[in-house]
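Here TrEMBL flags 6-22, 29-49, 61-79, 100-131, 143-170, 182-200, 237-261, 282-305, 317-337 as transmembrane segment.
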Amino acid sequence: MGAAITGVLLLLTFILFVIFVMRGGNLTLGFLIMAILWTIIGLVPLNVAIKEIYTEPVLKYGSTIVNIIFGSWFGRVLVDTGIAGSISRRTQTVGNRYPVVATILISCVLALIFSSSYGVGSAIAIGVIIFPIMYSIGVPKHIAVSVFTLSIGAAMYINNVLFVQFQVFFPKIEWGLRYQKFGFTAMLVQMGITIAFILYNRKKIQNGKSKLVVTEDENTEIKEVSPWTYILPILPVALNIILGWDAVPALFLSIIVALFATGNMKTYTGLIKMINNTAYNAISDIAGLIIMLFVLNMFQAAAVHAMADFNDVFKHIIPDNTLLLTVIMVFSSSISIF
């Protein structure tokens, strides 16, 4: 009887949590409340909860957060040094004559940049550059947004910073040749779909009206950099795959090379200012994400303890066939897009 009541309470609170999120509720607050409620409902002893729910999961996730910070910092460096903007502007030169080709190039540029860059701040900062370019060559807003999100999403398959986040939940998966084959294949498939989407809407792009968008963000000023710096967005990925470097040293070296190649090491004062500004912006961009991920790990640990008595029940409900689970996830994943 007690197990039945516990199961009902867990299910009820989870449904309320989903409704809360779908109505625009804050994820961090929602996960925190759920972690506390499931700790109480699961009758987890206080000393166990403090250690195994609210301490150890957070500390173990610290190394992943370091990867996220460096990925966000690298993205900020690409934006603030002018590399991302310069690459984007180059694609605009063919925009007036060949808007469809320019849109495809912009899609490839986005995938190139985000193969190593990470963070909401980087996406916003690059979006401030990319969207005016697409609007200026006549790309309709709904197509521009779709191209932007699909291109970034394609790059995430080979983004080591995102990989280490999922690796916490799937520790048996390693960043090796097996995953890289899957990652690059998946990226190419999604980029193929993105390009097909652009070609399908080619008439709307060709007949679109050019719109001049003026931004008030002073950071959107495009700096001229050497064309050879355009390969820097993929440098961390190359170091990781070819030399087997971890994400942090690969990103750190790439940051140093980017600062040197763009002339930001000419003066000590200028270098320190650039490092401080990019690091500050990078961390502030993802501050909310970091806290949310910490709280998510608390909730996951609380769920493990609270649902320990229901493992036998779930074994008879949840299928164990990998292909079937994959198909279910493919069709149900759209539900997560609230």
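All positions are counted from 1 along the displayed chain.
For all residues, glycine too, the Cβ spot is worked out from N, Cα and C.
With pairs at least 6 apart in sequence, the transmembrane segment (100-131) and the transmembrane segment (182-200) have 3 or more Cβ pairs within the 8 Å limit; the two touch. Contacts between the transmembrane segment (282-305) and the transmembrane segment (61-79): present, as 3 or more C-beta pairs lie under 8 angstroms, all at sequence separation of six or more.
Remote same-chain partners of the transmembrane segment (61-79), defined as residues 6 or more beyond its termini with a Cβ less than 8 Å from a stretch Cβ, comprise 85, 113-114, 116-119, 121-123, 125-126, 129, 159-162, 164-165, 167-168, 219, 232-233, 236, 247-248, 251-252, 254-255, 258-259, 278-279, 281-283, 285-286, 289-290, 293-294, 297.
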